[in-house]
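> Just passing along the structure, written as structure tokens.
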Amino acid sequence: MSNLKITNVKTILTAPGGIDLAVVKIETNEPGLYGLGCATFTQRIFAVKSAIDEYMAPFLVGKDPTRIEDIWQSGVVSGYWRNGPIMNNALSGVDMALWDIKGKLAGMPVYDLLGGKCRDGIPLYCHTDGGDEVEVEDNIRARMEEGYQYVRCQMGMYGGAGTDDLKLIATQLARAKNIQPKRSPRSKTPGIYFDPDAYAKSVPRLFDHLRNKLGFGIEFIHDVHERVTPVTAINLAKTLEQYQLFYLEDPVAPENIDWLKMLRQQSSTPISMGELFVNVNEWKPLIDNRLIDYIRCHVSTIGGITPAKKLAVYSELNGVRTAWHGPGDISPVGVCANMHLDLSSPNFGIQEYTPMNDALRDVFPGCPEIDHGYAYLNDKPGLGIDIDEAKAAKYPCEGGIPSWTMARTPDGTASRP
């Protein structure tokens, strides 16, 4: 039995990029040996901190940090009810930190513990958006000049983490020149208003313009963000076939995944799903029945590296590739965890990447190097990233609910964000 023990577990909250982040730090009885893990659930950041500090920390202190699988399994069932996003993120922070410790003990990067490199660099896709087709085209050209070969293209709707403005939908809708939403009632409930029908009609126009101007040498991704009806999603996937997307992301909501069978029967557009998944019963039938081409779970929301590696292997056996979620509301520690999985998985597909500002890179030394559309990790033991707690404390979290989640359709009905 190892004499190594967990002596302390702390949750570090910080927002150097303007988005609330949570990082777990696990300390041991070996001086200087600690691990970091991402537990970021931005929309419920203080609930995750409470789960870690009040439940996970007492559960962990005194345990052997090298027993990663046992800690993960016992941690999952310790609350009896399981597979919710708050406890999964808490468990993820612990799990990643334990892998970080294990790598440091072995003197190896985590990707070596997971089987070693399958590739020399990690191809990335970045976000592009705009108020009309020409603006989107211009932004894509700028990313192409930076070396990106894969881009996500959005117009006049949710722009994702590719913009510095946190009021994402409001900003995009205000700039949308070619989307005419339906009128709203006289008295509007506060929220971010979005017309899913007008949006769906605009998407084929966008990709028709982009292919005519940019050709087929650049890979395009589009995120529906689950905000249309299943029938509309099917029609959209069929219409977009001619534009040969790399994939269409989240065409339906998790509550409507049974519709993917009908979509698959009617369209050859590649499909990516998983951003909102929290447990195996959501992704397993999609992989078993070959209803998706890419699995893109948010690694911290499914519980960390341990379940993500198993999911990657299971996907490999069924011809499905990985495309882990990589938005702005993931800490650089989580970004590195994604990339260690990317390097060690033969069925890796693509990695979403959100640029990091100087403050993020200052608080988190050891961030990946980005060069001409590829990411490169350092070869340091563990996850290869650290946190400067004094600098992190300069960027306190606000804990508010992001405005983009307050979505409504033109008549005022609450909508999926």
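Placed from the backbone N, Cα and C atoms, the Cβ positions cover glycine too.
Pulled the feature table from Swiss-Prot, pasting it below:
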- Tyr158: active site, proton donor/acceptor (ACT_SITE)
- His225: active site, proton donor/acceptor (ACT_SITE)
- Gln43, His127, Glu275, Arg296, His325, Asp329, Glu352: substrate binding site (BINDING)
- Asp223, Glu249, Glu275: Mg(2+) binding site (BINDING)
- Pro327: site 'Important for activity and substrate specificity' (SITE)
> Given the recorded positions His127, Glu275, Arg296, His325, Pro327, Glu352, which lie within 10 A of His225 (active site, proton donor/acceptor) by CA-CA distance?
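Passing the 10 Å Cα cut: Glu275.
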> Starting from the Cβ centroid of Asp223, Glu249, Glu275, the recorded Mg(2+) site, name every other residue in that chain with its Cβ within 8 Å, sequence order please.
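Counting only non-site residues, the set is Val224, His225, Glu226, Asp250, Ser272, Met273, Arg296, His325.
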> Where Arg296 (substrate binding site) and Pro327 (site 'Important for activity and substrate specificity') are concerned, what is their Cα separation in Å, rounded?
11
> For Asp223 (Mg(2+) binding site) and Glu275 (substrate binding site), what Cα-Cα distance in Å is obtained after rounding to a whole number?
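Here the two Cα atoms are 11 Å apart.
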> My understanding is the cutoff is Cβ-Cβ under 8 Å with a sequence separation of 6 or more in the same chain; which residues meet that for Glu352 (substrate binding site)?
Leu124, Tyr125, Arg152, Arg296, Ala323, Trp324, His325, Gly326, Pro327
> Neighbour count, 10 Å Cβ-Cβ cut-off, for His325 (substrate binding site): what number do you get?
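Result for His325 (substrate binding site): 23 other Cβ atoms within 10 Å.
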> In which DSSP state, out of helix, strand and coil, do we find Asp223 (Mg(2+) binding site)?
strand
> When you put Glu249 (Mg(2+) binding site) at the centre and draw a 10 Å sphere around its Cα, which of the binding-site residues Gln43, His127, Glu275, Asp329 have their Cα inside it?
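Checking each Cα against Glu249 (Mg(2+) binding site), the hits are Glu275.
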> Hey, does DSSP put Asp329 (substrate binding site) in a helix, a strand, or just coil?
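Assignment for Asp329 (substrate binding site) reads coil.
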> Please work out which residue of Asp223, Glu249, Glu275, Asp329 has the most C-beta neighbours within 10 angstroms of its C-beta, and give that one of the binding-site residues.
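Max Cβ neighbours within 10 Å, all protein chains included: Glu249.
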> Once the chains shown are all counted, how many other Cβ atoms turn up within 10 Å of the Cβ of Gln43 (substrate binding site)?
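Here the count is 16.
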